[in-house]
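As written in Swiss-Prot, here are the features:
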BINDING   Gly80, 83-84, Thr88, 90-93, 108-116, Ser120  5-phospho-alpha-D-ribose 1-diphosphate binding site
BINDING   Gly80, Asn111  anthranilate 1 binding site
BINDING   Ser92, Glu226  Mg(2+) 1 binding site
BINDING   Arg166  anthranilate 2 binding site
BINDING   Asp225, Glu226  Mg(2+) 2 binding site
Amino acid sequence: MKPKLLFEQLLSRQDLSSDQMQEVIHACMTGEFSDVQIATFLALMRMKGETVNELTAAAQVMRQLAHKIDLGNPLIDIVGTGGDGRNTFNVSTACSFVVAAAGIKVAKHGNRSVSSRSGSADLLEQAGFILNLSDSQVQNCINQCQLAFLFAPHYHPAMQHARAARQQLGIRTLFNLLGPLINPAQVKRQVVGVFSTNWLKTIATVLANLGSERSLVISSQDGLDEISIAAKSEVVEYRDGNFKQWFISPEDYGLKHSSLDAIIVDSPEQSLHLIQSVLSGDSGPARDIVLLNSAAAIYCAKDGISFDAAIEEARIAIDSGKANLCFNKLRLLTQTLNKESNHE
């Protein structure tokens with residue numbers, strides 16, 4: 001599709017067909033479009049608003065171009081779209097250790113920051129984790145720690161063609177929405193946080209279109225892309241072919257309604273400090289938001305468990321020291337695996 005025709009169509013607020021969307025995403029991902037053309041496309045899509053069909057088609061192309069990894073199933077991913085502009089610490093990354101410590105295998109798909117102050121990869125590298133691992137090393141992480149981090153650039157090398165355009169734009173784009181939809185381990189269960197309640201049903205429907213067995217898509221009424229401690233959060237749950245809407249407030253589960261101020265960070269260092277505090281058992285707003293969001297993943301991963309019981313499992317995973325042990329064990333394992341591969 002010629003860029004000029006594409007831009008005219010989007011300027012007139014006409015949606016793209018699935019075929020058109022696949023063609024355009026392929027052009028973006030193979031270097032056919034220039035940085036300016038990619039940025040223009042992303043900005044116009046943002047202005048028009050991305051549809052279920054467009055996102056499904058885009059994710060299908062991204063999955064086809066990805067380097068896939070088979071880590072077995074069941075697996076879960078906990079991920080946010082970002083783009084909420086709130087600069088909270090890396091809640092979903094912290095939750096990964098808690099959920100793994102609760103006995104659930106987690107394939108956490110993440111990247112460096114594009115529009116926030118601390119992406120999951122920025123945080124993990126600050127903590128000393130080695131992210132550039134081979135497939136067999138990643139499998140080793142899952143086997144030994146129930147958790148592996150899938151560094152997006154390694155599995156989606158085609159994304160390099162859009163990186164400059166995304167960084168120069170510096171705003172939420174289509175790719176924030178796509179990130180949670182293209183886990184290279186092809187997880188069947190996911191908790192996805194989105195930056196606006198307007199996107200809940202859209203993202204849940206796209207996940208269903210892409211073969212998800214069960215998903216929770218979450219957004220809080222204060223604009224956080226996860227369950228909030230400062231406001232009611234809305235959930236669209238997909239399970240057994242059906243969608244269900246429900247709400248979560250911290251008070252419903254014996255947790256305090258708190259300001260977000262205590263969980264705002266300016267850097268990966270600050271985010272790491274908060275995560276280590278939570279995993280060490282410290283109480284406060286950071287712990288509460290990790291409990292709520294870890295519980296969402298445990299609830300999504302386990303059949304027949306209540307949300308109350310999931311919160312208790314998350315609490316035990318932290319207070320027993322298992323979540324902190326998972327953090328330290330996985331960090332050491334990634335370092336050891338990296339040294340071994342360097343000596344081969």
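Each Cβ is built from the backbone N, Cα and C atoms, and glycine gets one as well.
DSSP classifies Arg166 (anthranilate 2 binding site) as helix under the three-state reduction.
Counting only same-chain residues six or more apart in sequence, the Cβ atoms lying under 8 angstroms from the Cβ of Asn111 (anthranilate 1 binding site) belong to Gly119, Ser120, Ala121, Phe151, Ala152, Pro153, Gly179. Following the DSSP three-state reduction, the secondary structure of Ser92 (5-phospho-alpha-D-ribose 1-diphosphate binding site) is helix. Of all the binding-site residues in the list Gly80, Ser92, Arg112, the shortest Cα-Cα distance to Asp225 (Mg(2+) 2 binding site) is found for Gly80. Just so you know, the Cβ of Gly80 (5-phospho-alpha-D-ribose 1-diphosphate binding site) picks up 28 other Cβ atoms within 10 Å once every protein chain is counted. Distance from the CA of Arg166 (anthranilate 2 binding site) to the CA of Ser92 (5-phospho-alpha-D-ribose 1-diphosphate binding site) is 22 Å.
For Glu226 (Mg(2+) 1 binding site), the number of other Cβ atoms no farther than 10 Å from its own Cβ, over all displayed protein chains, is 28. For Thr88 (5-phospho-alpha-D-ribose 1-diphosphate binding site), the same-chain residues that are 6 or more apart in sequence and have a Cβ closer than 8 Å to its Cβ are Leu224, Glu226, Leu260, Ile263, Ile264, Val265, Ile289. Taking each of the binding-site residues His109, Arg112, Arg166 in turn and counting other Cβ atoms within 10 Å of its Cβ gives the largest count for His109. The local packing around Ser92 (5-phospho-alpha-D-ribose 1-diphosphate binding site), expressed as other Cβ atoms within 10 Å of its Cβ over all shown chains, amounts to 25. Glu226 (Mg(2+) 1 binding site) falls outside any helix or strand according to DSSP and counts as coil. When secondary structure is read from DSSP and collapsed to three states, Gly80 (5-phospho-alpha-D-ribose 1-diphosphate binding site) falls in the strand class. Counting in whole angstrom, His109 (5-phospho-alpha-D-ribose 1-diphosphate binding site) lies 19 from Arg166 (anthranilate 2 binding site) by their C-alpha atoms. In this structure, the CA atom of Arg166 (anthranilate 2 binding site) is 12 Å away from the CA atom of Arg112 (5-phospho-alpha-D-ribose 1-diphosphate binding site).
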